[in-house]
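A.B. asks: Below is one structure. I have some questions about it.
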Amino acid sequence: MKQSVSAEQIELKSSLPGSKKVYVDGPREGMKVPMREIEQSETNGVPNPPIRVYDTSGPYTDPEYKVELEKGIPTPRHSWILGRGDVEAYEGREVKPEDDGVKVASKHTPVFPQMDRKPLRAKQGANVTQMHYARNGIITSEMEYVAIREGVEPEFVRKEIAEGRAILPANINHPEAEPMIIGRNFHVKVNANIGNSAVSSSIAEEVEKMTWATRWGADTIMDLSTGKNIHTTREWIIRNAPVPVGTVPIYQALEKVNGIAEDLTWEVYRDTLIEQAEQGVDYFTIHAGVLLRYIPITAKRTTGIVSRGGSIMAQWCLFHHKENFLYTHFEEICEIMKQYDVSFSLGDGLRPGSIADANDEAQFSELETLGELTKIAWKHDVQVMIEGPGHVPMHLIKENMEKELDICQGAPFYTLGPLTTDIAPGYDHITSAIGAAMIGWFGTAMLCYVTPKEHLGLPNKDDVRTGVITYKIAAHAADLAKGHKTAHQRDDALSKARFEFRWRDQFNLSLDPERAMEYHDETLPAEGAKTAHFCSMCGPKFCSMRISHDIREYAKENDLETTEAIEKGMKEKAEEFKEAGSHLYQ
């Protein structure tokens, strides 16, 4: 008897304080685009409008939704995919025990109950990628959906995808995903990595981490599982994921050959690509730029090759003294990708793992190859984004962005940070968010989060929260710096609430309302403190904002401009000082 992953075992449903789920009707029947609406209280009887913000949480924050993990979440894209008439259902490959890294299927593994569903693929001769549609002048339902989320015209979305400046990762076998876009002319996105390892985590925990990450604002999820039950864990995640899901297929392929890199073959890897594409993975990290001739260059590095995928392929290349089979079979990979609309995330297997190695010959040699591969993928109308570093000091960050835009013809950049210093284990979410904010400002389209556990261990649920929030700050700061037309609205609303001492509105408008309230209540827990005109930092006498209010009130009472009120008040105080005898200490 197979076990099940019960929703009661883990925390899935939740909402953020002062918020409600709302839906914007799209141009097609039944299209409903989710937003989160943050209510605000009045200011002296004058209403403050609610603020609508981008929402990644899926149905889990909808009070009307009943969580049934065994059924998966709704599939808003299913009718759109079938309606285009260019896909077919087929039997698909047989799921084998080795897909989960075992010789014999375990009775205790909670297999997803709808494993008998038939996958979809493109009909013979068809190409079902969003890039293919865009290049043929077609605005898809997914593009219309994205346009509403981003506050732009559908034609702008189509053009950005057609020209390769943005990707809309949307595997036809992941109809549960709410369409989103990754490109430098849209909101900066954040990816959260989850996944088990050989020594830690369960299927239930990974499903919970996925919903937890999206609750806090993760735009995509990467399942980087390397332990047992890789296939089954991924199935549970995808069927319940409202955001695109990415993977690094070489990890699972390695498990299929018992962890021995030199035993990898193109056939095993190809089978793994098809397996994951049939499940609904939206983008693959593929380390096709780690070429045999680049590997010796890394020998003089401080930290060598730090990418798991990069080191696996380097080991294979050296053992066989052959060129990377991901590079030599790249056209065949493109043929698979366009049958399912899986996007490339071209991996930076030679990224620097220390600031000493930043912007070195190995890193930029690989980038040149990724530019070459981008052109090949685009020839097949397959969507591409480029992965970037890594560890880079602040003064070298801009060069990375400029080179990527030039060499990779403007394809979206997707970076891990970068970390701006190597001396802060336990705080690498901060060292990397500094670099992430900078490179996001310069044009990076998506930031891969870093948690406090980076370099130390597998992140838990709280680490995921910290990592996502830290990177939402970096992404939002970049949006502000780039002048995104709606980015400042939430900042302005929170600043107004702060100045008016609307404490609950301050909490609710923040990226992490619960943490903000928790910190406030540590020193001022009483309910009355939620309306007080001070906090515990300065107290009632020294609150700068309360003093500002007093100045404004004084100006109003004396029919003065604020600057005049300050001058008048200063003169009055000067006279008081003279009348008291002009003594410094009374």
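Quick reminder: no glycine exception, Cβ is built from N, Cα and C everywhere.
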A.B. asks: Would you identify which residue of E160, E163, E387 Swiss-Prot lists as part of the substrate site it also attributes to N193, M222, Y251, H287, S307, R308, G309, D348, G349, L350, R351, Y414?
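C.D. replies: Swiss-Prot lists N193, M222, Y251, H287, S307, R308, G309, D348, G349, L350, R351, Y414 binding substrate, and from E160, E163, E387 it also lists E387.
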A.B. asks: Have a look at the binding-site residues (R351, H391, H455) and report the one with the fewest Cβ neighbours inside 10 Å.
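C.D. replies: Comparing Cβ neighbour counts within 10 Å for the binding-site residues R351, H391, H455 gives H455.
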A.B. asks: Give me the non-local Cβ neighbours of G349 (substrate binding site): same chain, 6+ apart in sequence, Cβ-Cβ under 8 Å, ordered along the sequence.
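C.D. replies: Those within reach of G349 (substrate binding site), by Cβ under 8 Å and sequence separation of 6 or more, are H287, G289, V290, I305, S307, G309, G310, S311, M313, A314, E366.
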A.B. asks: CA-CA, which of the binding-site residues N193, Y251, Y414 lies nearest H455 (Zn(2+) binding site)?
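C.D. replies: Its closest listed neighbour, by Cα, is N193.
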A.B. asks: Around Y414 (substrate binding site), which residues of its chain at least 6 apart sit with Cβ under 8 Å of its Cβ?
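C.D. replies: When sequence neighbours closer than 6 are ignored, Y414 (substrate binding site) has I182, N191, S345, M385, I386, E387, G388, T444, A445, M446, L447, C448 within Cβ distance under 8 Å.
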A.B. asks: Same chain only, sequence gap of 6 or more: which residues have a CB within under 8 Å of the CB of Y251 (substrate binding site)?
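C.D. replies: Result: L224, S225, T226, I230, R308, G309.
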